[in-house]
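Here's the structure, in structure tokens; my notes come after.
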Amino acid sequence: MQPNDITFFQRFQDDILAGRKTITIRDESESHFKTGDVLRVGRFEDDGYFCTIEVTATSTVTLDTLTEKHAQQENMTLPELKKVIADIYPGQTQFYVIEFKCL
């Protein structure tokens with residue numbers, strides 16, 4: 001079995017598969033992904049594979065420069081997005097946006 005290249009919390013799986021979540025915001029440890037990369041996607045909780053994505057763009061963002069567009073791409077409100085990011089990455093302010101599409 002091939003290893004997964006990136007994982008998402010299980011609660012995001014349905015939104016990813018339905019095309020409602022089209023970005024992920026990560027810290028520096030996952031800043032190496034590049035446009036055109038094809039990635040196997042698994043669930044964080046059990047590493048179970050659930051789809052393959054293609055990275056369509058990458059950029060940097062800070063907690064303060066997150067926008068409504070980012071929130072829409074995450075299928076959340078802006079306050080929800082800021083809270084999720086702060087909960088996952090406490091004390092961090094610099095992040096990496098990975099835009100993707102399911103293949």
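Note that Cβ sites are derived from N, Cα and C of the backbone, with glycine treated the same way.
Across the range of the domain 'ASCH' (6-101), the DSSP-based residue counts are 31 helix, 35 strand, 30 coil. Annotation source Swiss-Prot lists domain 'ASCH' at 6-101, citing sequence analysis.
A sphere of 10 angstroms centred on the C-beta of K21 (active site, proton acceptor) encloses 20 other C-beta atoms. Taken from Swiss-Prot, the feature active site, proton acceptor applies to K21.
Annotation source Swiss-Prot lists active site, nucleophile at T24, citing sequence analysis. T24 (active site, nucleophile): 23 other CB atoms within 10 A of its CB, across all protein chains.
Around the Cβ of E74 (active site, proton donor), 23 further Cβ atoms fall within 10 Å across all displayed protein chains. The active site, proton donor annotation in Swiss-Prot covers E74.
Averaged over the domain 'ASCH' (6-101), the predicted model reaches a pLDDT of 97.
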